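S.K.: Copying in the features that TrEMBL gives for the protein in this structure:
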- 1-31: region 'Disordered' (REGION)
- 1-16: compositional bias 'Low complexity' (COMPBIAS)
- 77-99: transmembrane segment (TRANSMEM)
- 105-124: transmembrane segment (TRANSMEM)
- 136-162: transmembrane segment (TRANSMEM)
- 174-198: transmembrane segment (TRANSMEM)
- 210-229: transmembrane segment (TRANSMEM)
- 249-266: transmembrane segment (TRANSMEM)
- 273-292: transmembrane segment (TRANSMEM)
- 304-324: transmembrane segment (TRANSMEM)
């Protein structure tokens, strides 16, 4: 009996003959709901079949890795500290303006749209999930640094406009339509830019850019919602519906322009591209933000403009993000296929690793063989994905001097992961 890839499958499947290259069988299923190869077929592609990795690795400056770890640690400490301190200051200012009770209630209410946006980010970030620490840092930058900076700068500029014109309504309108979009998108965009510059290894393309940009924006919207909910306690449910239900992704949509621009720059071999990409992304973010705030200031016409402009724009963005996520699958398939030609992966593994649905089936299969097999399958998928993106960086001229050593380590990890879950599958019957 053969599976869809032409390899033996099922409990009675026979392994490859001596004349055939050894490959893992990756059958469709021999039990309902499972990605269940015969344990005897798993693991037939071993280290002896695939070409061995370079055992020596590149010769590097011995001090370089330690220096990079030190810089990484310093960046994290500064980022977390700055984000946490500014968030606390922003919340204290809101409490001072509106009261502790209103701020506390608004805090919990603001968690709802924050959760909605973060779930959207998680949906987008499924191929190679970004490090949780970096996402927390991005969230803190948005919720703390960006909000406090925007609050102080916006207030100062609007006050200056009022002093020059003595027109309070005009100053507020100009502040909402012009000042706020420019200032807020700049301070949010700087957070995304810093992650791009100091954590370039986590920026593989537009999807990563949108993930970080949307996370920064989610943090910003969270604290801003606390401010608006507490300031409008008498109409809090109306404000909540407008901001938390109708437009929870508004800030994420604006700042994603910066993320997409920097993500495109990350795929270029020329470092100078970011000099042009960042301003282009900012202009897009500021323009969308100004359009949104401008339509909101039109009173009764807001609903019409929301349906005619904002809803189609949101739908177009979702379609674009779905397409970008699909592009990630194509990159993984193309790069891992090159390793498959060298014997490191079987064709069915490449198919599984480039399909979110099949990845889920493979994890379901491994769950039946114990905790070690379960974790090994997840590590196998993560390590193979990292390997594909590393290969992509090498091909586009964006890899550093550690690329060869990193490839060596990832290939060994892939073999180790495969060995663990195949060994457990052979020794333990499915649960």
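Using the three backbone atoms N, Cα and C, a Cβ is placed for every residue, glycine included.
Note that TrEMBL annotation is computational and uncurated.
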S.K.: I need to check the long-range neighbours of the transmembrane segment (136-162): which residues 6 or more away from its ends have a CB within less than 8 Å of a CB in the stretch?
M.R.: 76, 79-80, 82-90, 93, 168, 170-172, 174-175, 179-180, 183-184, 187-188, 191-192, 194-195, 212, 215-224
S.K.: Rank 77-99, 105-124, 210-229 by Cβ pairs under 8 Å to the transmembrane segment (249-266) and hand me the top one.
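M.R.: Out of the listed stretches, 210-229 contacts the transmembrane segment (249-266) most.
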S.K.: Cβ under 8 Å to the transmembrane segment (105-124), counting only same-chain residues 6 or more beyond its ends: which ones?
M.R.: 91, 94, 98, 135, 207, 210-211, 214-215, 217-219, 221-223, 225-230, 233, 236, 240, 243-245, 248-249, 252, 321, 325
S.K.: Compare 174-198, 210-229, 304-324 by their Cβ pairs under 8 Å to the transmembrane segment (77-99) and return the stretch that comes out on top.
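M.R.: Result: 210-229.
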